[in-house]
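Residues or ranges marked as repeat 'BNR 1' by Swiss-Prot: 150-161. Summarising the annotation, Swiss-Prot assigns repeat 'BNR 2' to 286-293. Residues annotated as site 'Binding to sialic acid' in Swiss-Prot: HIS332, ASP335, ARG339, ASP368, THR388, ARG389. According to Swiss-Prot, the feature active site maps to GLU371, ARG386, ARG437, an assignment based on similarity to another entry. Look at Swiss-Prot and you will find 398-409 tagged as repeat 'BNR 3'. Residues or ranges marked as domain 'Peptidase S74' by Swiss-Prot on the basis of sequence analysis: 706-808.
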Amino acid sequence: MIQRLGSSLVKFKSKIAGAIWRNLDDKLTEVVSLKDFGAKGDGKTNDQDAVNAAMASGKRIDGAGATYKVSSLPDMERFYNTRFVWERLAGQPLYYVSKGFINGELYKITDNPYYNAWPQDKAFVYENVIYAPYMGSDRHGVSRLHVSWVKSGDDGQTWSTPEWLTDMHPDYPTVNYHCMSMGVCRNRLFAMIETRTLAKNELTNCALWDRPMSRSLHLTGGITKAANQRYATIHVPDHGLFVGDFVNFSNSAVTGVSGDMKVATVIDKDNFTVLTPNQQTSDLNNAGKNWHMGTSFHKSPWRKTDLGLIPRVTEVHSFATIDNNGFVMGYHQGDVAPREVGLFYFPDAFNSPSNYVRRQIPSEYEPDAAEPCIKYYDGVLYLITRGTRGDRLGSSLHRSRDIGQTWESLRFPHNVHHTTLPFAKVGDDLIMFGSERAENEWEAGAPDDRYKASYPRTFYARLNVNNWNADDIEWVNITDQIYQGDIVNSSVGVGSVVVKDSFIYYIFGGENHFNPMTYGDNKDKDPFKGHGHPTDIYCYKMQIANDNRVSRKFTYGATPGQAIPTFMGTDGIRNIPAPLYFSDNIVTEDTKVGHLTLKASTSANIRSEMQMEGEYGFIGKSVPKDKPTGQRLIICGGEGTSSSSGAQITLHGSNSSNAKRITYNGNEHLFQGAPIMPAVDNQFAAGGPSNRFTTIYLGSDPVTTSDADHKYGISSINTKVLKAWSRVGFKQYGLNSEAERNLDSIHFGVLAQDIVAAFEAEGLDAIKYGIVSFEEGRYGVRYSEVLILEAAYTRHRLDKLEEMYATNKIS
């Protein structure tokens, strides 16, 4: 509604309820346009004066989506929907965009003390999930390195906890694993796993590892099982599975094909078998039945194909799927001249994973080029290299319609790209991304300032593949000022690009300027000391097409529950404040714990459990509330508490039903290097009445202490004892315990009951004399005393005979 108030005054009022009359001039100057100040906005005419005048107005400035050439960059926060072109170095134009010109957001997708870097050109989308592989270590190199990834199932808004894909190399710390090339072909993840030395990061071996990705299939028919057979045949087109891979079945309608199973044999690319626990008398076929099958990445083994030390290779980079059977990986050689850049083509990775073809880009582009990024679209292979020096051009773009046998090539003008240029094809455009290692490094001739605190820039560019001309390519600065927690960033690592729905994702690594390779607070290079190495992975998400969904954005309002709170102690070591409760299995490595209480209910007799890699300890320090008499510690060399899994020692607590008992359980008990002795002299027995040894094997006679200083009541043997002994006869017999073991040995000895009866006949108590024992309802004898008494009795009789000869009582 407009009202004429005079010849020069115009007022208006909005139709919105409650609105008032306003001066039209006031309304028009709320947001000013650069065009109001004479700017051309054609990207060629210098609009610096118009920009200065607009900024002097103090108003917010709308660029109306145009590009304005300037001789110095203005305050970008004052502008909306504006792009500037500025030549910081003459002849090297760069473009800078304000809010509203590009719809993009930056996310930090890892946050831990490891040196998280190298996501180069190996990110991918599988089953609507974005996978961002990278490597996490404790420094630049392979020290404590794990090949890892994070995943996002919500379009990059939240990311998973990092998952390790490799353990330490068996020969660590001499060598360790490393990976710069990874991707999915059909339904398997393929990765070039390099082995490198810790000392020099030198490549010593290459191996192609592959493993099925996790997925869920809803199928109809295709399972058969013949009568009187345990094997069932599964038909799944292009299953991509190998022997030993994990599969899970439900609702199969075929006996035995259910739950977790493993691939038994592979018939062809569409059929495999599983071994069921049973067989039936008739043929089975689930034709027409709906059923489900799942595969698992983590539960399946790696298939590892050793490729040895590939000659003329510094690193293998990037990955591009060619078809359902093969893929390519890029590589470069920069250790010795001449430099080499190219690809490895694996035409049949499923059946012949060790077979590959090596191809190079044109030789004139190889000097000072490195780390190729590779993609394959519609029968065309694209490859982009990065430059390695600031004084010479190195970045180049190549395409091939015959997988690297012939090439069409372009050189990027002006700019030197010290990081890789990952890309994706959207429509007819290649959309490329790259980040500086240090602020103002993008242009040719820039110094190497990686180890200074700065604000490295991130750029993107479009190149139309139909025009195939890089002379007028526009590098657009989309974000900078990356931070690593509390420290300004310096270096930015190599990246990956993927497209999902209406968005393109640039995933790249940042780096703390206190680079652990050289200097800084953390000279020990320990990721768990101080703040570790705040080197993390970022994702820049940019909209590239209209999205027909109502909204795919949300605010993450949940309380984070996947991380343990830590605090920096006064000693520079991160601390977890006690108490801390764990409700599931705990796996630790190089852990120092002052006091640890574990509570678990693994069985009725076990209060607490501690599980270590390859060894087990079950702890019952405190009295178990559910069963106090079960207090004990079990140490088992096997994989459980049962002695059948390995040798075992059980230590009973004072409240145990077998208080303070130690039980040893094993096939052998061997002692090495020292004598076996009791802690206290002459206090304890070896064995007991109900815990007897079958026999003892000795190398010599045992020694029994017979020192007179250790005896009392010394006298000659009573003649009544000798007379009683004369009543004891020697016997031969078999042993019941041996008969139970099907042994039939004849033994010689005395019977304890005969000794007791003989002594009683002379009015003596055999138990008192110690030659006979009676404990726990069982008689025993001391054969050393039996022999002594027999010898004494024999001597006694001989003495009597000699006396009779001497007195002529016998002759």
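Cβ atoms are placed via backbone N, Cα and C, with glycine included.
On a predicted model such as this, the values are computed, not experimentally measured, just so you know.
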Those recorded positions listed as ARG339, ARG386, and which of them has the most Cβ atoms within 10 Å of its own Cβ: ARG386
Site of maximum Cβ density within 10 Å, from recorded positions GLU371, THR388, ARG389: GLU371
Between ARG386 (active site) and ARG437 (active site), the C-alpha gap once rounded to whole angstrom: 13
Surrounding CB atoms that lie within 10 Å of the CB of ASP368 (site 'Binding to sialic acid'), all protein chains: 19
ARG389 (site 'Binding to sialic acid') in three-state DSSP notation: coil
Summary of DSSP states over the domain 'Peptidase S74' (706-808), given as helix, strand and coil counts: 52 helix, 14 strand, 37 coil
For the repeat 'BNR 1' (150-161), mean pLDDT (0 to 100): 91
Pairwise CA distance, ARG389 (site 'Binding to sialic acid') versus ASP368 (site 'Binding to sialic acid'), rounded so that it is a whole Å: 7
For ASP368 (site 'Binding to sialic acid'): DSSP state (helix, strand, coil): coil
Whole-number Å value for how far ARG437 (active site) lies from ASP368 (site 'Binding to sialic acid') (Cα to Cα): 17
